[in-house]
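Swiss-Prot has this to say about the protein:
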ACT_SITE  D180  active site, proton acceptor
BINDING   L65, G66, R67, G68, G69, M70, G71, A72, V73, K88  ATP binding site
DOMAIN    59-328  domain 'Protein kinase'
DOMAIN    393-491  domain 'PilZ'
REPEAT    630-663  repeat 'TPR'
Amino acid sequence: MPEVSSGGGCGACGRRHGADASCPTLVRADVRAGGTAHPRCAPVVEAQDPLVGVRCGSFRLVRRLGRGGMGAVYLGEHVSIGSRVAVKVLHAHLTMYPELVQRFHAEARAVNLIGHENIVSIFDMDATPPRPYLIMEFLDGAPLSAWVGTPLAAGAVVSVLSQVCDALQAAHARGIVHRDLKPDNIFLVRRNGNAPFVKVLDFGIAKLADAHMPQTHAGIIVGTPEYMAPEQSLGRGVDGRADLYALGVIAYQLLTGRLPFNDEGLAAQLVAHQLRPPPPPSSVYPAVSAALEHVILRALAKKPEDRYASIAAFRNALQVALAEHVRVSARKTRPGGLAVLERAPVAPDMPTEGQSRGRLGVDARAGHVPSSLASTSQRRLAPAAPAVPRASLVEVPVQVVLRPGESPVRLRGSGLSRGGLFLHGGRVLPPLCSRLPVVLELASGPLSVMCEVVRVVPPAQARVWGMPTGFGVQFVEATAVLKAAVDALLQGEPVRAVPQVPLTEDPAVARLLEAWRQRSAGDAYAVLALEPDSDMGTVRLRTREAWRSLESLEQHSLTPPQRAQVDALRVRVREAAEALGATVQRALYDAWRGNHRGVAKCLEAGLTAEQLESLRREFLARRPQAMGTARSHFQSGGALERDGQLSQALDQYERGLKLAPLEVDMLQRYRRLRRVLGGRATAPTGHDRARSP
């Protein structure tokens, strides 16, 4: 979803093109059936985006990053802790189509099923009206489409496509076909090392190939025609070989600088892919070797059975063809030249403002076509890569509180930079996007910093990548002292030691921290010392008291482990305040815990019927079995109430509300019956701390 440029553009895709040109909107009426696209191209009025500043869950939309056929993507910032995500919002005019709203569910489900590091992560979603959205990881980089239009180096192309193949192989192994692969949906991000790291995006029209799912409506074409396999545009069944065909088109485009078919218009593109053989890549760009040409043309075979049997086979063929390409090129190049030209690609530079910008977060800087992707004919011999600074190879011992309330554990840190480091040597891996207090044990003394987990490498992935099991963190609140110490280490300079006064634990502080540790082991109510039926005013009061308590602790002389514990407690209090501090978030939090008394307090504090109904649908979608059992209790309670057995009826209502606490009618009936009984209630069970409202 590239950024919409100023001026007129297509209302569906946000791009400028003629009225008859093919529009990359994901849903089109089948021109073979005489249909028209919906919506048809219309001018885009450039104005202040009405969604900027709007809150989606815990995130506020800061600015729009890109716009595409199904929706727009915004930079989102957490309202309390400032963490950044990408928020994908469905276009308002498309919310009337249930099949498109369903694709938001499908995208989140598909990505969750696959769980591969080369696929963009989706953290949360809300498919309820009026604004369905997805919460995704924020990527710093640019789409592959930023570099199409000129032939690129074979080594760089194969490196990128191999990572795409890895992602698709994981998807196909779970029966998921992407169905809309194109350079816009392949994102290159910055990672440590030289090679661009690939993220595959937009599984919104992915389909479970072997599931009993409703087929696409008759007369509707789903995908992008320039990259669509013949069987897909003809409405036949598709499998992973349709994705393989799209990768063949992308490989053709990257190596030659143009698409295999340049026909204008949706119908012309579809017919070309269905009937016409593509021109040999070497006829477009002679530098394409015969080996690579053979692989591409086989991937572009009209019949699926004539292509490679799997993405893995295609990946292997690319690697073999690249090796042959290097050998052939070496015979045509003076000794030593190619060894430099064909080295592993480096991290991509950002495109200029005139080029397509990354939709999931791009730090766009003035630059040029990256040396990693430029064709060998466009580059000169490059000097050898500079040696890695000695400090970056030195492991830094750290202490980390991995779970709230626990003591810090010692880990090893590597890959140190001003932005963060990679931690390994432990058995527990924290969740992605969680915040952890970290103490760097430097020669100058311990330095404490709050970090956010941005990458998790479990054992299986660690074996594949030849790296230790661990997790990467970025510094969230790095001080000037920390930055200076890291800079000194990276430059190989000794860090000037600061005299340290040995600290002993204050018994009073130790007792307070132990009390806090016990509180933090519970739920949000326990962290803030609240009863489950506390009103919103009490929640805010206890939140302020918790912050003051932690601030007073920080005034003491704390040992590094104690300071790490306080940092972890601050994270825990912040999480509890976010869960209980607003009526909508608290009502959903209470629903998951069966706390109907808390839901009642949210209604008293102004939770609207529309908000409650939206939460109810989300709750039942995730716990569809809950309502059946709850309804049985509600019916039993109704029968007992009619029979005059009010105490027993109240008990049945209570049991039902613990399973389905967002049923407003039953909440009202329960509270009315309590009043009839004069405030008497059934005794709470041992695990229910809730008091009678």
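Every residue, even glycine, has its Cβ placed from backbone N, Cα and C.
These figures come from a predicted structure and were not determined experimentally.
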Original post:
Hey, how far is the residue listed as 'active site, proton acceptor' from R67 (ATP binding site), Cα to Cα, in Å?
Top reply: 16
Subject >> Non-local residues, at least 6 beyond the ends, that sit with Cβ under 8 Å of the repeat 'TPR' (630-663) >> reply: 587, 590-591, 594-596, 599, 612, 615-616, 619-620, 669-670, 673-674, 676-677, 680-682
**OP:** Averaged across the domain 'Protein kinase' (59-328), what pLDDT does the model get? Just tell me the whole number, please.
**Re:** 83
Original post:
In terms of DSSP three-state secondary structure, what is the assignment for V73 (ATP binding site)?
Top reply: strand
Original post:
Three-state secondary structure of R67 (ATP binding site) from DSSP?
Top reply: strand
Subject >> Tally of residues which DSSP labels helix, strand or coil - the domain 'PilZ' (393-491) >> reply: 19 helix, 43 strand, 37 coil
